[in-house]
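Read through the structure below, which is laid out as structure tokens, and then see the notes.
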Amino acid sequence: NLVQFKTLIMKIAGRSVVYKYFYGCYCGWGGIGQPRDATDRCCFVHDCCYGKVTNCNPKTATYSYTEENGALVCGGDDPCKKQVCECDRVAAMCFRDNKDTYDNKYWFLPPKNCQEDSEPC
């Protein structure tokens with residue numbers, strides 16, 4: 001769920017999730033246009049991942065995970081919730097791996113700057 005996603009971003013990327021809201025064309029609710037940088041692409045890929053989840057709502061599904069040898073491992077018996085966890089885990093690692101691409105000019109980017117056709121997932 002979105003609360004757990006926020007927690008994973010802090011655990012894995014070491015950054016507050018506030019930096020990911022209203023960023024670029026995809027970080028936040030919804031998304032259109034072309035991702036503006038690698039950080040925005042992390043959000044695009046996360047949106048695509050959520051779009052492929054079936055049998056539960058990824059924004060509200062509560063999943064389980066453990067930390068093993070410094071790595072986060074998604075667990076539980078529900079395949080849908082495990083898929084949501086994987087979406088969140090991969091996105092948090094993407095944010096971590098692309099920290100240096102974050103650019104304040106894309107924070108609160110006006111929607112008029114995201115008018116291009118979206119690429120397919």
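Cβ atoms are placed via backbone N, Cα and C, with glycine included.
Over in Swiss-Prot, the protein carries these features:
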- C25-C114: disulfide bond (DISULFID)
- Y26, G28, G30, D47: Ca(2+) binding site (BINDING)
- C27-C43: disulfide bond (DISULFID)
- C42-C94: disulfide bond (DISULFID)
- H46: active site (ACT_SITE)
- C48-C121: disulfide bond (DISULFID)
- C49-C87: disulfide bond (DISULFID)
- C56-C80: disulfide bond (DISULFID)
- C74-C85: disulfide bond (DISULFID)
- D88: active site (ACT_SITE)
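Cβ neighbour count for C74 (disulfide bond): 19 (other Cβ atoms within 10 Å of its Cβ, all protein chains included).
For the recorded positions C25, G30, C48, C56, C80, C114, a Cα-Cα cutoff of 10 angstroms around C87 (disulfide bond) retains C48. Counting every protein chain shown, 16 other Cβ atoms lie within 10 Å of the Cβ of C48 (disulfide bond). For H46 (active site), the same-chain residues 6+ apart in sequence whose C-beta sits under 8 angstroms from its C-beta are Y26, C87, D88, V90, A91, C94. Neighbouring residues of the recorded Ca(2+) site, listed in sequence order and excluding Y26, G28, G30, D47, comprise C25, C27, W29, G31, C43, F44 (Cβ within 8 Å of the Cβ centroid).
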